[in-house]
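Notes to accompany the following structure.
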Amino acid sequence: MERTFAIIKPDAVERNLIGKILERIESKGFRIAAMKRARLTLEQAEGFYHVHKERPFFKDLTTYMSAGGPVVLLVLEKDNAITGWRELMGATNPKDAADGTIRKEFAVDIEKNSVHGSDSPENAAFEISYFFSQTEILS
Ligand code: CMP
């Protein structure tokens, strides 16, 4: 059993897509081990995305993830959860995302791409602990 971290981003929350996205997550066999709605501060978004701080899109991304509206933070559990959640999300750019993926169906563009997922076990551990304490995660 592996854990990964997911965010339902402001563009999806704003369009009332929380239920549709959670339905896809659960129907693929993930357990939702932790979940909360939050409005990120700019500082929280900058810390969360610190690996991208030299990228040209960093300022727009962190502004969008904070001022853009509330998000839903999730810890997902399943065998091979990290890879499985990345497959279910689809490619970062919805133009490249495969049919049947969340980003293909719901994303607006490469920034407002509806969902986030950890890309490695190390990042999953960092991202989960960034937003959740151990006592908030129930297997
Ligand atoms: P996410 O998986 O959350 O990781 C970094 C985010 O930066 C990405 O999804 C997009 O929302 C955003 N982003 C904006 N522009 C780009 C880009 N050119 N390449 C990668 N990510 C981008």
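Backbone N, Cα and C define each Cβ position, glycine as well.
Pulled from TrEMBL:
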type	residues	note
DOMAIN	1-139	domain 'Nucleoside diphosphate kinase-like'
BINDING	LYS9, PHE57, ARG86, THR92, ARG103, ASN113	ATP binding site
ACT_SITE	HIS116	active site, pros-phosphohistidine intermediate
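Just so you know, of the recorded positions LYS9, ARG86, ARG103, HIS116, the Cβ with the fewest other Cβ atoms around it within 10 Å is the one at ARG86. Each of the binding-site residues THR92, ASN113 was assessed for Cβ neighbours inside 10 Å, and the highest tally belongs to ASN113.
Each residue contributes its Cα atom, and for PHE57 (ATP binding site) and the residue listed as 'active site, pros-phosphohistidine intermediate' these two points are 15 Å apart. Among the residues LYS9, PHE57, ARG86, THR92, ARG103, ASN113 said to bind ATP, no two Cα atoms are farther apart than 21 Å. Selection of the recorded positions PHE57, ARG86, THR92, ARG103, HIS116 by a Cβ distance under 6 Å from ligand 1 yields, in sequence order, PHE57, THR92, HIS116. For the pair ARG103 (ATP binding site) and HIS116 (active site, pros-phosphohistidine intermediate), the Cα-Cα distance reads 10 Å. Taking DSSP states H, G and I as helix and E and B as strand, the domain 'Nucleoside diphosphate kinase-like' (1-139) has 66 helix, 26 strand, 47 coil. Other Cβ atoms within 10 Å of the Cβ of PHE57 (ATP binding site), summed over all protein chains shown, number 12.
In this structure the alpha carbons, written CA, of LYS9 (ATP binding site) and HIS116 (active site, pros-phosphohistidine intermediate) are 7 Å apart. HIS116 (active site, pros-phosphohistidine intermediate) and THR92 (ATP binding site) are 9 Å apart (CA-CA, integer value). Mean model confidence for the domain 'Nucleoside diphosphate kinase-like' (1-139) is a pLDDT of 98.
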